[in-house]
Every structure is written in C-alpha cells, then in structure tokens.
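Enquirer: Here's a structure for you.
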Protein chains: 6
Amino acid sequence: MSRIDGRTPEQLRPVTIERGWSKHAEGSVLVSFGDTKVFCTASVTEGVPRWRKGSGEGWVTAEYAMLPRATNTRGDRESVKGKIGGRTHEISRLIGRSLRAVIDYKALGENTIVLDCDVLQADGGTRTAAITGAYVALADAVTWAQGRKLVRPGRRPLTGTVSAVSVGIVDGVPLLDLCYEEDVRAETDMNVVCTGDGRFVEVQGTAEAEPFAREELNALLDLAVTGCADLAALQHTALEATLEK
Amino acid sequence: MSRIDGRTPEQLRPVTIERGWSKHAEGSVLVSFGDTKVFCTASVTEGVPRWRKGSGEGWVTAEYAMLPRATNTRGDRESVKGKIGGRTHEISRLIGRSLRAVIDYKALGENTIVLDCDVLQADGGTRTAAITGAYVALADAVTWAQGRKLVRPGRRPLTGTVSAVSVGIVDGVPLLDLCYEEDVRAETDMNVVCTGDGRFVEVQGTAEAEPFAREELNALLDLAVTGCADLAALQHTALEATLEK
Amino acid sequence: MSRIDGRTPEQLRPVTIERGWSKHAEGSVLVSFGDTKVFCTASVTEGVPRWRKGSGEGWVTAEYAMLPRATNTRGDRESVKGKIGGRTHEISRLIGRSLRAVIDYKALGENTIVLDCDVLQADGGTRTAAITGAYVALADAVTWAQGRKLVRPGRRPLTGTVSAVSVGIVDGVPLLDLCYEEDVRAETDMNVVCTGDGRFVEVQGTAEAEPFAREELNALLDLAVTGCADLAALQHTALEATLEK
Amino acid sequence: MSRIDGRTPEQLRPVTIERGWSKHAEGSVLVSFGDTKVFCTASVTEGVPRWRKGSGEGWVTAEYAMLPRATNTRGDRESVKGKIGGRTHEISRLIGRSLRAVIDYKALGENTIVLDCDVLQADGGTRTAAITGAYVALADAVTWAQGRKLVRPGRRPLTGTVSAVSVGIVDGVPLLDLCYEEDVRAETDMNVVCTGDGRFVEVQGTAEAEPFAREELNALLDLAVTGCADLAALQHTALEATLEK
Amino acid sequence: MSRIDGRTPEQLRPVTIERGWSKHAEGSVLVSFGDTKVFCTASVTEGVPRWRKGSGEGWVTAEYAMLPRATNTRGDRESVKGKIGGRTHEISRLIGRSLRAVIDYKALGENTIVLDCDVLQADGGTRTAAITGAYVALADAVTWAQGRKLVRPGRRPLTGTVSAVSVGIVDGVPLLDLCYEEDVRAETDMNVVCTGDGRFVEVQGTAEAEPFAREELNALLDLAVTGCADLAALQHTALEATLEK
Amino acid sequence: MSRIDGRTPEQLRPVTIERGWSKHAEGSVLVSFGDTKVFCTASVTEGVPRWRKGSGEGWVTAEYAMLPRATNTRGDRESVKGKIGGRTHEISRLIGRSLRAVIDYKALGENTIVLDCDVLQADGGTRTAAITGAYVALADAVTWAQGRKLVRPGRRPLTGTVSAVSVGIVDGVPLLDLCYEEDVRAETDMNVVCTGDGRFVEVQGTAEAEPFAREELNALLDLAVTGCADLAALQHTALEATLEK
C-alpha cells in the first residue's frame, strides 16, 4: 500500500536544509520536510537570565510560532489575541528541552542562545522540522561564538546532534513523517527526538482515537529511530558545506 | 537499595481517593499520592462549545493549576501575572486528552464536563495524581448525568478507565511514582497514562540529563504499566463504595 | 422564627479551624464556617517589597481567590480570563488591611508575610471566614519566624487578634453569619472585622434592597461584636493546641 | 482647633456642581469638593447586558478612573499597564452600588445608564465627590430618557437622591470631608453614602492606625449624616436651575 | 460657499488656551478648538528611562487618550479592554515626535517630561489641538524646571515653538481645521505640524475617498502653514500672560 | 556623490517580487527591496466583520509584524509581551488604508481579504516593501475570488494599483528608497504611497532632526513619485507572468 504522496511507510518526505538564510542571525536555516517550511534562527547574546547569573553556565531556549496563514485557513495572531496558546507553549518548551539535551552549559559559558522557529508553511510535522532545523542553526551559532572567543578555547558546547521526526499509525499501518492529511487520520501519533547516536531525548506518544498496545509503540519507535538517523545524516551533510555569508 | 521514603523501586506511595469532597460539583475527589494532594472536580453543563454545536456529541476538557503555596516556596498566581504559564498549559492539555480517551462523545450527548484539578500540596507527580483522581470525579459526574437523564438510556459515555503514573531513572535505577526529591535527581523522567486494560493513552519521556537508551525506555514502560494497574484497582475500589452526599 | 438551618439569629454556624494543613507553608489553616471552607496559608519571606526597603519595617499582604467550582455553578478561572475581577480585588485588599491592623511592622523587621486564602467551597461568608482563618495562619507564621530568629528577641509582631463575621437583615430580622441562601435574600449586608478586645478594624455595610436606618445599623453592629468575640475564643482555643508538624 | 484650610470640623469644603459640561452625554457634571474635581457623565443606551435581557428591567453601572496627573506625582495609566488596579475596581463598584440604590429598574425599563467618573484633580474624597456628582448626572440622564419616551409615562426611575462624604478621626478629632493631607494623617477613615431622607446606602470604615471604638464610630456617623444632608441640598439647588444645552 | 458653522475655508474655529488648569502638574493647559476640548498636563521628573541613563540627555514623551464619553456614543475604556488601540498608539507617538522636534536634549539634562493629553470632548481635530496645547504646557514645565535649577543656567531646552492643524478637501474645497462633520465628509484629510518659523515637523496626508493630486496637496499645505502661524500667535499670547498659581 | 551601496540618489534597490510563495494563501508574495524581505499573504474569506454585515460591501485589512530576529539584534515577540506595540499598530493601519484606496467595496461584495505582511529580514523600508508586495498578493487573491464566482461577473474590485517607497534627506541630499544605515542618518524621512496613475494615497513626512522647508518637501515628493512609478512597472511585470500553482 502506498501513501497519499507515493512514499513507502518508512520513507521521509524530501528534506532540505538551507543555511545562512538570514544576514542578521548568528545561525539561520530554512528547513523543509515536504511542504512544511520552518525558518529557524539562532541568536547569541552575551549574558544569561537573572536566575543563572554568576553560575558560569550558559542557557539555550526556544520560541515556536506559526505565521497566520501558514495553514489552510488563516488563524488569528497570538500577538493580537494578547496571549500565547497552549499548543505554542507546549511546542516551544519541547524544542528548548530537545536542544538543551546536547548542550554543555559550562562549555557555553555565560552566553544565551535563543532559537526562533517560525512556521512559514505547515503540512504536518512542524515541531519535528523545527527541532531538526534548529539544531543546524544552533551549530552555526556555536561556531560563530567560538570564532568570537565567547567560548573558551578547547571547550565544545555541543555534545552531540539532535533531530526529530513524527510517526503514527494510519489504518493500522505505522508510517514515518506524517503529512497533514495523514496526521488527521492517525489513530496514534508520536513525536520522537533522538541524538545522532540513536538514543532518545524525548518520546511523546498520544492515542488520538484508540489506546495503543505495547507492540504498536515498539513498531513506532523502530520507525522513528530510523528516520532520525536519516535526518542526522542530512544535518551532517548540510553542516559540511561551506557557509558563505 | 531502598528509597528516600523506604519504598522499593516498584512501589507506589500511599494513595488515597476521597470522593464527594465538594457539595456543589457533580463529581469531586481529593486524591493523594503520598504528600501530593490534588482536589479534582467534575462540572457538568448542558450544551457544548460553539464549534461543536449540532454535532450531537459532547465534550470533556480540563484545567490544572497549583495554589501559590502548594510548593516549598510560594509562586506568583497566574491570575495576578495575567497569563497562564507554559507548564500549566501543557499539563491541562495532557489531562484533557487523557480523559477524552475513555469518552464516547456520542453517548455523552451534547453535554460538557470540565475537570478542574487544583494542587493543594505538591510533592512530585501532580499531573499523574490529577489524571488518576479526575477519572474518578468524571465517573461520578457521568453517573450523575445518567441519573438526570442527560444521557440517553442504555448509552455508556465511559468506554474504560484511565490512570497515570510517573517513572524515572535515579542513579541508574528505574523507579515508580517519583516524589519531588527523586524527580529532581532523575536522569530520565516519564509520565505514562494507561487504560484499565493495560494499553497506552499517552507516553511522555524526557531525558533530563543524558539521552536514554531503548532498554531504559523499556524498563520504565514495564514499571509504569504495573503502577497503572495498581492505580486502576484503587480507582475501582473507591468507586465501588457508596457515595453519600 | 428559626433560620433555614435551624440556628437562632445570633448563632454562628459550626466553625472549625484546622492548623498545619500544609507541609510547606509556615502557617496554614483549613477554616470552615458551616459549608464554607477556606484554605489559608501564610508564607514568610525575608525582605520586603522595593518601596519599603531600608525602612526596617516588615509587610503583610493577602490574596483571595475562589476555585472555579467552589460555587454552585462553575466560574471561569481568572488566570484563564487573564485578569483579576473587581470582587477578588476588593476582598484581597480587605483581608490584607484587616491583618495589617494587628501587625507591628517594626517588630516584624524587614520580612514579608503573604496570606493566601483560597476558597475550596463557598456557602456565604467566604471573606469573613478567610480573615478569621488567616489570622491563625499568620500567628503560626509569626511563631515560626520567631523560632528562626528572623524577628528580634523580645519583640512581638502581633499586637492583637482579629476575626470577622457577616451580619444582615433578612425579612426584617438581624441575623449573624449568613449562609448563601440568607445572603441572597438579605436587605442589608454587613461585614465587620473586630479585634479581640472588641474594637473595630473595618465596617462595611451595604444596602442591598432598601437603604437602612441608624437603628438597623446599630442592631447589626451589636450582633457582629458578639459574633467576633465568639470567633476570637475559637481562635484562641485552636492556637492553644500543640501543632505537630 | 481649626483645620489646615481653616474649616471647622463639621464643615464641608466649597462644593460646586456644574451641569451640562459635555455636549455629547445625556447627563454631565463637573463636581468639585475643594480642589478635588471629578468629571461625571451619564450615558444612556437602549438595551441591557445579556444576562438581563427580557427581564423588562434596566441597569446602571459606573466606571471610575483618575487621569495620570490628577495627583501630586504622575501615575501610570491603567490602559498602558493593561489592567485595572484594585483601588479602581473597588471604587467603581462602590459608585455603581450607590446609585443603583435609588433606581427602580422596572421603571427604567430595558435601558442602561453608564456613569463615568474621571478625576481631573485629586485632593482627597474623590470617590465621595464622584458619587455626589454622578447622582446629578444620572438625574439629568433620566430626565432626558423620559423626554425621549424611553421610560414609560408616569413611571419614576429615580426613587430618591444619593450623596456621599468622607469622615475621619485626625489627632483624636472627628472631621468631615477630609482633604488629602488630613486623609493621610487620619487614624480612622470612613466613607458614608446616604439617601436624601437620611438613611444609609453604604458605610465603609477602616482603621488606618488603631482599631476604633463604638463611640468613635458613632461620632463619625453623626458627622457624615449631617454632611450628606448638606450635599443633598446642594444637589437639589443644582438640579433646580434650568439646564441650557 | 460658507461652512457648517459659518466659517470661511481658511478660518480656524475659536481657539482658547487656558494655562494653570491643574494645581499638581508642572505645566497644564485646557485647550479648545471649537467644541474639541483637550486637557494637557506636562509632568517633570528627574532622571530618564534606563536606555538613556548616563547620556546627559533628557527625554520627552506623550500619551493621548479619550474619555469614554468624549464622543457622541460612549466608547469602552482601553483600561477595561486591557489594551491600547491602534489609533491611540498612533496619536500618542505623533504628539511625542512633534514636541521632541523643538527640544534640545542636552540642554534639558537628564530630566523627563511626560505630556498627557486627555480629550474631554471631541469634535474633530483632537490630535492637532493636543499638540498645540501640549506645547504650551511643555513651555510652562520647562520654565518650572529652569526655576528649580534642574536645567543648567544659560541653557534653553526649547529650540522653537510647535503647533498643528488639520486640513482637508470637502466637496472639492480645501478647508482649514475640520470639525467632526467636515472630517467625516472629507475626501482627503491631512494633519500638519509646523514650527513657529513656518517649517514642517510632520506632514500626514491620507486619501479617504479618492487619491489626491499634487496640486491638491499643495493647496492643503498652503492652508496648513497659514493655520499654524495663527496658532503660533495664539500660543505666544497665552504664554505672555502671567500665570498665577 | 554615490551612496553606501553605490546607488545614485534616485535609484531603487534591486526589487524582486516572487508570487505563489505559499500553497495555502489565495495570494502570496515574497517581496524584497535589497536586503529587506517581506512575506505577504492575502487570505480571502466569505463574509465581513459584524459592523459591515448586510451592507453588500466587502472589507480589506492588514496586519504587519516582524520576526524576532528580522533585525540586527533580537526583539521580543509581541505575542510573548502580550501586546502589540505602537509601531506595529501604526504600520498595520497604514498598509490597510493604502490597499483599501484601490478597492471598490461594492464590487468585492461581502467578502473579506486580510493581508499579512511578515518581515523575514529588515534593512529599511519594510512598510513600503510590504505595501508594494501586498498589492500583488491582493491582486492574485482578487483574481482567485473572481474565478470562484465570489465576485459578481463584470465587476472589478480593484480600481487601480498601489505601491510605496521611502525617501529622505541624508547629508542634505534627497535620496530614494533608504536602506537601514541611510534611514538612521536621515534628517527627514518620508513614506509615500502612490497609485499607478501617479496620485497620492498617503504622504507621511517626519523631521527626524531639523524641521524641513517646503522646497525640501517638494524635492522628496518628486523623488517618491518617480520611485513609485518604477515600482508600479515592476508590479505590472510580476503580475503578467503566469502563476503556476
């Protein structure tokens, strides 16, 4: 059985990672997972939030948002509504936690890196694309900080790589990297964040229709681990290219 | 190796579920997992949110909050700050999703049940205690609605039971139902929501320090499934008692 | 003529004052006036708000709130609405003023005590129950601060005791400590805060239906003074017991 | 002993009530109690808030605010802060309750009158000046509504008159109508709202320094009743003049 | 063709500038352009916003607001709505920029002047009346600051004078100083801020109905320059009078 | 004298207008004026805001925002701050007015078009790029609406074209289309919105340093008219290309 867009169940959508998409940010990436496009910037500032001052340790945080017409029908801006919605909060926190998992705060020193992930176009998997792209922007920002001697020589603030992918069960079949249409029809939906060496940073599985069994969970985790490995390879290739800016 | 409070790794804290704790609410429970105490009420109203009107289907939603001095140091009220924090949003959404997993919207008819979970005292595991207690309050509210003929005769709005527990790895050992001190020291932390028949509704695992391996994930899931089964038995016992009100 | 619940006009509802209801707070009380239950905590922090720094004087403030289902129909949370309502503001200010009336700021030193009064169940008189319970929590918190030497030896931050009660005229009869049903029917409604030695801290009378005459005001004040004396005795008894914590 | 501004203890400050101060509002008054100046408008709209629709009854409500430089040092605008402060809430509610005490909702019919009381210059007693001025604006608005046949012929929406004054004990002496300097020094401070026939609508007394005794309360009430009677006479005179507009 | 109120096209409405309208503010003016009345206060505080500290330079800013019943139908308060509207923001910024154009920040020293322009009654041209009145309040505040030696001797913080007027094309005829009725009917509407020596500080023209041609723009600018010169003369006269306060 | 980037005073930066940049929106454009990049989408919905219902007329409105790292240093998100800033409000309103100037509401029928202009990268002139790009997105959205028969046959909702450009005086020389560095140094800064036939829709000139004379204003207007004509030609070329989507 082939999928809506002709993929096999264990196949990612076409993924592109364009670095240097902003002239201002210390790291910036336009990442796309099929028709999902997320613009990720990494902004470095010296200093840390007040509660961390004097600790000698840095901080990494993230903010996620969707442009109002990123989706099929226009959504109201959260700035106009005057408050951040629950979904935005949840995803921003997930991205921040995921990237902090590969940061050595001591090595970063008292510097802060903010990752902004703005969805320009959504077609499912925006949070996983955001994490995958944000890692690359973060890597470029860390390199920039090292070049500026903000980080002490010989220290490596990044302890590994991180990528993320969604998996789900649609009509009883476990699928990798769901597009929007598949996501809507999924009985179970899971977002998995892995390090480049195949360990888990975050596993979030939700029964959308029916509670799921242990075997289904296992099948989804298998699929996700493979997908994250593919994404890690794509991140590696993207970061190997020379960034002219 | 025994735990801070003398428990074995796979042992729950003392759990109590007191029904009928409010004279106003259609269902109400004071649940405690050790020193964690959550007051759960279930409020039934006829009618559904606008986007669901005319569907013939009901709705269940949840709101979680902590009293300002539920924790060791006083936190500012979100009402005074004028906005809901990310953590509150995230947990409220988790509770809502968990309970909707055992609801048959058609059977509920166009009625809404709101679950309010207010933490009176926190010592780790507030969200899992909240889900476990809210289920019992929900069950009482459904019974109330059936008694009032809000639900059509012969229909059963509840399709199963649901409970939740936290698990985590502390000093390399997988532990069930972490108290606050253990939670702070955990390398990996997971919240698992199961149905009474042992299937998963929600699995949320986070690497707090180090990314975790598949075997660790498996050990935690095993522990959680056992813990949820114990909680399901306690819910059953609590609901079997006659509620005098 | 006897009242809805069989009391005489000058009789309080059954009042209970349970101390030590929280393991975290420096003072904590679950107070009930009949079916009205308010959870009061007193939190001590060293230091004072910015506008008071360097004065050598302490500060006491209060926040009042109702859980959403404390009443017969569920009310929206103020945190979700994003703002504090007028009634909440008014009552929080009243509680703070009432307790500050028995505080010697100099003796307290540059420490702050915040009183949180959260209504778990409402049946009329929530603000007077809150003041009466908050006083006991405050007394415990002051004792705690003395034990920690936060207060200079020999100084007594509490200059007296304070309690509060509602009074009102229903069907032409002045009644003490109105329950919700009586409150709704009252022509005139008054909240009176007294010190243990029978003087007034706050008198707030409102004509709900008809303006009231001086004699009615006098009758209500007489009733309130008696009620507050009874409450002061109950506070005294509660504070005499040994608090095991 | 004479007061700061040479008044006797039982003397009001010079009071002026200028009607027709706005060309747009149905009733409008610039009221001054000495240097305290409040601009009161009464706006009539057909219809009532949703919760009152179909009742055949009208509604009266009030909003109080201070211009940022009404006081000696500039205060931030509540619109800029994004929220209404507790003091503003409390006073707005007091004004609304006070004026509703002389309204016959049935006679008003399903019309709403909003009283806006904006303090242009503050020198103590802004809330009592606001109530006293708002009554006159309300009376003009009711006359306007009667002229437009919004009110059924023969019905009188106003059942009486209402005015308010502050009283307080300064250096042991009960004083009428405190100016700011006196207010700051008062040991006890009371705001009293009376009807024209000398009955009470609202009595709010607060011990600022020391709790007060029953005799002090009595002396203050005596003073307030006299002051309100004087104000009622001034309102009467103001309303007798022909309003050219 | 004569206008609604009998004026010629190039004639201002009757303009009054009353100084010393507040006993608290360092400068205060009640300005009226016909039935438009704006209360302007200038508040001087020592010190500047954080981003300007240590620069040796002062700051001038403005806030504009309308009372709820300044217009023909009552508008909701922005404080109640919890946010500032776009129109308010836009006008506040315009007033601030206009007055900063005649300020020598170095001469002002590290002092801040806030201009509050509150519209008591609106009949078109509220922003231009506000700028014209605020200038006079600002001049009085600067004189006050000079008297208090907040400004170094010999320095003149004011480098010129500033006034503003609206112009528009109604039925093809360019008109000066539009009242509300004319404003509503205008095809093109322009607000022009000029210095006393006839140069431009701000020009804001908007096609309300049809785009406008260069000649129309020129005719409007000619009219505005004349109007501003008239206003500058009125400001001069007002400031020449002795201010008794 | 040549400019920072080698342009002559009357030369635009390289301008690109890419249509069809979003798969969801009815019209979408990525417009760049040099390094300034704005993503504009036009969203069509049937129906109009409440205040316009039943009028038979449509509505067009706009929202402008900057991504947090569109500028050289990261700015806080307005959604996180919980309110829209004054600059954002001002520009959103300007874009909306500019585009409404070329809309025939009757021809549009009761449909609403919302223009979202999100600045991805800023280097001066973001509001003028936004207007110029939004016009093209609007034109595509109108064509889409005509294709769907939302617009009655034979009616043309667009009555003309509109584009915008900034002009300013730097070191005494009038320059067209300022980049950020020029903008910062400009003595006078003006944004001009013109229709394709060379008439004015909006003229907003501000003296940043010195008030400006009539001749300077004239020189700037001359420059702006030429720049807008160039932009109109570029819009025309962009819209002539076939849009494959």
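Counting begins at 1 with the first residue displayed.
Just so it is clear, glycine is given a Cβ too, placed from its N, Cα and C backbone atoms.
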Enquirer: So TrEMBL lists A:GLY125, A:THR126, A:ARG127 for phosphate; which of A:ARG74, A:ARG77, A:ARG87 goes with them?
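Expert: Site partner of A:GLY125, A:THR126, A:ARG127 for phosphate, according to TrEMBL: A:ARG87.
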Enquirer: I need the most crowded of these binding-site residues: A:ARG87, A:ARG127. Count other C-beta atoms within 10 angstroms of each C-beta and give me the top one.
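Expert: Of the binding-site residues A:ARG87, A:ARG127, the most buried by Cβ count within 10 Å is A:ARG127.
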Enquirer: So, three-state DSSP: helix, strand or coil for A:ARG127 (phosphate binding site)?
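Expert: Where A:ARG127 (phosphate binding site) sits, the three-state DSSP reduction gives helix.
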Enquirer: Return the average pLDDT for the domain 'Exoribonuclease phosphorolytic' (A:161-226) as a whole number.
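Expert: Averaged over the domain 'Exoribonuclease phosphorolytic' (A:161-226), the predicted model reaches a pLDDT of 95.
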Enquirer: Based on the record's binding annotation for phosphate (A:ARG87, A:GLY125, A:THR126, A:ARG127), what whole-number value in Å is the widest Cα to Cα distance?
Expert: 13
Enquirer: Helix, strand or coil at A:ARG87 (phosphate binding site), per DSSP?
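Expert: The residue in question, A:ARG87 (phosphate binding site), is helix (DSSP, three-state).
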Enquirer: Would you list the other residues of this chain near phosphate - those whose C-beta lies within 8 angstroms of the C-beta centroid of A:ARG87, A:GLY125, A:THR126, A:ARG127 - in sequence order?
Expert: A:TYR64, A:ILE91, A:VAL119, A:ALA122, A:GLY124, A:THR128, A:ALA129, A:ALA130, A:ASN191
Enquirer: Are there any residues in the same chain, six or more apart in sequence, whose C-beta is under 8 angstroms from the C-beta of A:GLY125 (phosphate binding site), and if so which?
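Expert: When sequence neighbours closer than 6 are ignored, A:GLY125 (phosphate binding site) has A:ARG13, A:PHE33, A:THR36, A:VAL165, A:SER166, A:ASP177, A:LEU178, A:CYS179, A:ASP183 within Cβ distance under 8 Å.
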